[in-house]
Structure formats: C-alpha cells, structure tokens
Amino acid sequence: MNALKNMTSRTRTTVEVIATALISFVMSMFVFWPNLKDINVPWGGGDMTATYVNAEAWNWWSYGVTTHFGFPYGMNLNYFPGLDITQNTFSHLISVLTGQPFIGINVLLIVSFPLVAVMAYAAIRLMGLKSFLAIALAVSFTFIPWHWGRALGHLYLATLYGAVAGVILALLVGSGRWQQWLKTEDKKQRRKYIALIVVLVLTAAWSAVYYAFFTALMLLAAVLWRVSQGDRFRRVVGGALPLAGLAVAMVIGLLPSVLNRASNPDVVNLGQRDPMDSVKYGGDLAISVLPAPYNPALSGYNSWIGGMFAQAPAEEQNLITNYGTWITSLCLIVFLVGLVNYARKRNLGLPATLDSTPRPPLTFIAYLLVLMVLVFGPWSLNFLIVNWFLTQIRDWNRLLPLMLLLFILGAAGAIAGKKWTKKEAVAVPIAALILLVTLWDNVLPWKPLYNDVAKGGRAILDHSLHYEAAVNAAIPENCGVLQLPIMIYPENGIAPPNLNDYDHFMVALVNQDKSWAYGGMRDTIASTWQLDYTNGINGFQVQDLKDKGFCAVHLDTRGFEDPQAIEGQLSNLFGNPVVTDLDGRWKLYKIR
C-alpha cells in the first residue's frame, strides 16, 4: 500500500489499469477456464453461427463475395448495412493465423471483458474517482448480464467497448476537457490528445452500428450542453469535432454497403424495419434498474421479481440480459443522493467541484440519463425518430448498457473526493466487497450456461467433422450442395419444428471442399432462385440443379414437421442417402 502512495500519478494510473485488466480477466476465467479446451468449437447456434460466418467472410475492410456460401451466385454480406469492423477484423485475423473458423470470435469474447473493464475505469477516472473503488466499479460493469448473455447471440453488441468509447467521448466533450486539450500549447502533447480522440471515435464508429448511432446522440447532447454552459462559438465548434469525425467514420464504414446496394436495386428494402418494432423492442425501465433474478442462492428474490414480470412479453428487453446488477442498482441510489447533495451545495454557494480539472458535473450525467429515458421505452420519442428519420434503429432497449454505465459514473462522481474514499482502511474493504458480490452474483451464475454451450458446440462440431469426411469420401469433387429446407438469409426465423435460423451454416463452416447453397442474400437472385425448391424437388428440376453445378442435396430433418415425406421424395429421385449423421437428422443425397 505504501508503495502505491510513493508512485507518480502516471505510474499509479498504469498500475491501476493493469490491475483492472488482470482482475477482470482472472474473474472471467471462473467461467472460461473449463472451456478453453473447446475454444475452437462454436459457443452457440443461431445468431452466433451467423457471427462466425461474418468473421470468415470478412476481407479486412469489407466482406468478400464468395460462392462457398450462397452457391452458385454467391454470398455478398455487404448488402446488409453494418459497422462491425473492429470485431470482424480482430476475429478474422485470429482465424487466419489459426486456420480455425470459430476461435477468432471466441477469443474476442474473452478479450472483451478486460478491455471493457479498462475502458470503464478510464470513464470513472474522468469523474474524479481513483484507486481501489474505481477499479472495483469498472470490473463490476464489465460483468453485467448484458455482456455475458448477449455474447452467445449478438456478440457485436455484447463486446461493449464501442459503447464505452462513446461514453468517454461524451464525458470529454461535455466536461470541456477536450476543448481544453485543443488549446494545449505543447504541440506534441496536443497531437497525443488528438490521436486519443481519433482512436475513440474510430472505436465508437466501427464497433456496432447501434453504438455508433447512440454515440452520435450523446455527442450531440454534449455539444448542446456546452452551449447551455455559455461556451463561445469557436469553443462549441471545437467540441463538435468528435461528432463530425464520428459521422465521417460512419460514412466510410458504411461505404461498401452503400456502393453494393446502389448497384443492386433489389436490396433497397434489406435492413429496413417497421416503425412499430421500436414499440415491440423498446426498453423496460423497471427491469433495467433491478438486479437480475438469476442467482440460485437468491431463490426468494428470483421468484418475487419473476412473479412481478410474469405477464411481460417474452421479448429481448425482458430477458435476464436486460436487468442490472446489485452494484448498478446501488450506484443509482448513490447517484441520486449525490445529485441532491450537489444541487444543495450549489444553492448554498458551497464548492461543488472536485478540483480545477474539467470534470463532468453530476447534472451532466443526469442530463444524459434523462435523454436516454426519453427514447428508451415503447411509445417514447424513439417512435418519432424511427418514423421521421431512421427506421433501421429499432431495438432501443440496447441503450441499457450505456444507462448502467451512467449509473456507475453518477455514483463515482458523487463520492469522488470524499475523504473516506482515500482511506485505505475504508476503501479497500468496500472495493473487495464490490468484487466479491460481482463474482458471486454476476460471474459464477453464468458458468453452467457456458459449460453447456461449449459441450454442445463440441458435440455439433464432432458431428460436422465426421459428416465432412463422409461427404467428401462419397463425393470427392468440389461441387455445389443444395440445402433443404430452403431458408432465406438473413432473418428467416426458425424452421419448424426446431431448425434454428442460420444453423444451415454449420456444415458449410466445417466443410470447405464443397460449395453450399444457403447464404445468398434475400431479395437477390442468389436467394430468390431457391424459392422454387421450397416444397422439395421434382423430377423436372433435377437437370436445372445439375446445370447450376450441384452434385448433392443436404437434408436437415429438424426443419420439417413431416420429414418422412421429403425423405421419400428425395429417395425416389436419387436413391438412398449416401451419408447420414447427427443421429439421422442430416442426410446427403447424391444427384444422379
């Protein structure tokens, strides 16, 4: 402890950053360590499978067009607008280096926990809180249910670092610190500040389109805040530079999609959303302020909260992932008390600032939270936004992690500078308690789920590898394989009774020696031609398949209510299947 006191401010900050990363990494290993042996297997189906395909098809700046998926016309993922550039680039690099299609995404998930913790620590430091409590609160944030739960489906949203980068930018602009950096006389130091802002802007812009959009809203709000604080025009313009940079970065990131969509008018409606989706997927404020009811040791609390929301529709905003934690709920209370105290001090003429360093006041954090609440829930202002400006942004419940971080930042600002936070005899036990509660309530409960998905991933991969070997032995040539049932990509939904959306990709991810029909983008010829095979194959269509380069039909019976009918149809045309796997649910018929 004494050694920390004798360190310079920069050295101590470095030590605290390293400690934040190490603590969060070690805590995450309570879940990940047993499954590292399966890091090269899929850790989820459905949306997670599509994420693995995205990383596989990534070509460093945009998606490569490939006929391995969407055969014979090919899969062009650029038609669907997205800004998942940093995630795809990292994951693709790892996959290229290892030659494994799943390991890149899985490593990204593991790395995201310490990365988000470190960035949250930086945001907390901007509020003026340092040392043990700052570390503990940052670690507690990275383990919110959103991070764990969304990671097994919408991984791009789960990684969170783009969202935290956006919050940091808003804090820098709203506090006026960025504007002060621009006036730094030391040119070398000013260039460092500008480089930092550029990194934050690119991270926020290129790490999920939702977080890029939410960052734009926060930066616009921060600029307006500075106007309300009396900034002169030149200073306001300086404060708006990160917002302008974000807009430019978003346009650059979306350019491959814009150009590809412009060349194919058939995809004009791809990615468009119904404005009513903003109502369906609006956030639930009552759920967001409560600790998640999932800890087996708190069965009474779980039943109580579960009963309260028993009638809530089973949509994503009402799932476990959209709850807070015991720490975020406590932070909200501390923040509200601190906000009252802050206002009281100002009205009494007492000092309400921590030091001469520009820091975001609690009123700025409250201002951001109020704006988020105004667009968070169903039938809120988000409904007007999607009707008048931008229909693609429909899931406004995805503001949740930003709101939870603001709860923590509000609490950090409320206690920053308090004498007791600097007393190790007080701060260390509180920080330790925060970490213990986080481990007990926000880490360990996820261990069984991750064990199950890794075990299930190993099983499906083993089947896929066995199927790959058998398929290539039965049909050695590199040719096309039609996949039944026909499923439109993307967002087909489940094929009854139990074939998940995107699960057709699994056999294609493993078997690189064949070209697979599934994956042609909806509304394009790569997808629409397959609609003729929705009810199976008739004798007149066999020659058409041969002409297109197909040599086999892959049947997944999980997508048929009456699999015997389609099996009989294919057997009449092609004879018995030459390969069977997945306990008889995968069958391969050779086109003769």
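Cβ atoms are placed via backbone N, Cα and C, with glycine included.
Residues annotated as domain 'DUF6311' in TrEMBL: 51-254. Residues annotated as transmembrane segment in TrEMBL: 12-33, 102-124, 131-148, 154-173, 193-224, 236-255, 323-344, 364-390, 402-420, 426-444.
The stretches the transmembrane segment (193-224) and the transmembrane segment (364-390) are in mutual contact, each linked to the other by at least three Cβ pairs under 8 Å (pairs 6 or more apart in sequence). Below 8 angstroms of C-beta separation, residues 137, 140-141, 143-145, 287-293, 352, 361-363, 365-366, 404, 407-408, 410-415, 434, 437-438, 441-442 of the same chain, each at least six residues beyond the ends of the transmembrane segment (323-344), sit close to that stretch.
Sequence-distant residue pairs (6 or more apart) of the transmembrane segment (426-444) and the transmembrane segment (154-173) include fewer than 3 whose Cβ atoms are under 8 Å, leaving the two stretches without contact. Beyond the transmembrane segment (131-148), the same-chain residues lying 6 or more positions past its ends with a Cβ under 8 Å from any Cβ of the stretch are 4, 12, 16, 19-20, 23-24, 27-28, 31, 112-114, 116-118, 120-121, 123-125, 157-158, 160, 292, 294, 320-325, 327-328, 331, 400-401, 404-405, 408, 411-412, 415, 421-422, 424, 427-428, 430-432, 434-435, 437-438, 442-443, 446, 449. For the transmembrane segment (154-173), same-chain residues at least 6 beyond its ends with a Cβ under 8 Å from one of its own Cβ atoms are 47-48, 51, 84, 86-87, 105, 108-109, 112, 115-116, 119-120, 122-123, 126-127, 142, 146-148, 179, 181, 197, 200-201, 203-208, 210-212, 214-215, 218-219, 221-223, 226, 239, 242-243, 246, 360, 368, 398, 401-402, 405-406, 409. Predicted-model confidence for the domain 'DUF6311' (51-254) is 96, expressed as mean pLDDT. Sequence-distant neighbours of the transmembrane segment (102-124) (same chain, 6+ residues past either end, Cβ-Cβ under 8 Å): 16-17, 20-25, 27-28, 32, 39-43, 48, 51-52, 55, 87, 90-95, 134-135, 137-139, 141-143, 147, 151, 155, 158-161, 164-165, 167-168, 171, 405, 408-409, 412, 457, 461, 509.
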